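One structure below.
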Amino acid sequence: MIIILKGGRVIDPRNRRDEDADIWMEDGQIIAPQETVPEDAKIYDLAGKWVVPGLIDMHVHLRDPGEEYKESIVTGTDAAAAGGFTAVACMPNTDPVNDTGSVTRYILEKSEGAAARVYPVGALSEGLKGESLAEYADMKHAGAVALTDDGNPVVSSQLMRRAMEYAKSHDMLVISHSEEPTLSKRGCMNEGLVATRLGLKGIPAVAESIMVQREIALAGLTGARLHIAHVSCIESLAAIRDAKKRGLPVTAETAPHYFSLTDDAVIGYDTHAKMNPPLRTEEHRQAIRQALADGTLDVIATDHAPHSIVEKEVTFEYAANGIVGLETSLGLSLALVRDGVLTPSRLVELMSSVPAQILSVAGGELGVGAIADVTVIDPELEHTFLIAEGRSRGANSPFDGWKLKGAATLTFVAGEESYCR
């Protein structure tokens, strides 16, 4: 059956389109509009809506296998579809760790029929221990799209060098969790005035940036493709900007909480505002916003990290790091468009086109013959995010009760409706 998305604003930066137009879909692909509309065609009237390539979140923790009490592939992809995402890349810090082809295959088999596509990311080191390399060829053959020890830094520079060399030989992307652990040890929020007032041990921005600089140096040495995860500070941005000027194969992401919140959110010892890297000051927040606009940062990803209530309802120092983000990312990111920081086309690049290119996966465009992964957005829809009504099992969000403007109203995966608001 032909599906017609009629009269929406089609924003497709890869094909340089930003115009009111119709999108036709059939058999899981985008097709060229026909002269006559078939009688059995399903038509959606989307006047006033944006029609964009399906959003892709390249940094998600689905917690499956092993920690399904926090999240599962089913609940995580349900939350993704509700947030407008047609695909997610899931991190390997599961139980067991995704460091073999068998775990990669389990994830892909369990994700069949899910509300969004799932792209497994394999571990850089066995067990995420940073001691020996994992089986890259085995994981790639099974379907892994990239490699990372996310959640843990690779402390050994020698091991990271070998990891990049091995990854390059298999044409695999390396994603870095950039953290110098001797500088961040026992820290639980940004080092600064707020931490001093609260009596909490801080984590300096240099704990992130010094490792970003190391990773960039090793990428230059090895020629490996490097992606810096969850960038939070000015110093990291400077290093990334310089790497790009030198033509190194380096890309980077940030998350909505880093351009929406500051470390003031921790006042009151709110554990829902605890994540790693931590929220920084207003100066860093503004720099992140500018870096999204000028191309220093390539991707908006959520770092969706669900936890159970008991893991957050403890004293701040002992609370788990991370927040859920799949259902708030789009609304928070659209604020950058309203503020004049981003154009709608640039936002689609950051949340769809560029993630697809970095991960070397299908999607990120609406050209004829492309997969029919499509997100429909109502940029004017005002709504209040309530964590109790969310689809994720995680209840850890500092945005609970926030009034947001703009949301996904329809999500299509391979031409099939996976979410309707």
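Residue numbering: from 1, along the chain as shown.
Backbone N, Cα and C define each Cβ position, glycine as well.
Per Swiss-Prot, the feature active site maps to Asp303. Remark: Asp303 (active site) has His59, Val60, His61, Ala229, His230, Ala255, Met275, Gly322, Ile323, Gly325 as non-local neighbours, by Cβ distance under 8 Å and separation of at least 6 in sequence.
DSSP assigns Asp303 (active site) to coil in the three-state reduction, placing it in neither a helix nor a strand. Taken from Swiss-Prot, the feature Zn(2+) 1 binding site covers His59, His61, Asp150, Asp303.
Of all Cβ atoms in the protein chains displayed, 26 besides its own lie within 10 Å of the Cβ of His61 (Zn(2+) 1 binding site). Sequence annotations record features per position, and here Swiss-Prot assigns substrate binding site to His61, Leu62, Arg63, Asn93, Asn276, His307.
Cβ environment of His177 (Zn(2+) 2 binding site): Thr148, Asp149, Asp150, Gly151, Asn152, Pro153, Val154, Ala229, His230 lie under 8 Å away, each six or more residues apart in the same chain. Look at Swiss-Prot and you will find Asp150, His177, His230 tagged as Zn(2+) 2 binding site, backed by sequence analysis.
For Asn93 (substrate binding site), the same-chain residues that are 6 or more apart in sequence and have a Cβ closer than 8 Å to its Cβ are His61, Leu128, Asp150, Gly151, Asn152. Under a cutoff of 8 A between CB atoms, and with a sequence separation of 6+ in the same chain, the neighbours of Asn276 (substrate binding site) are Glu179, Ser184, Ile203, Asn321, Gly322.
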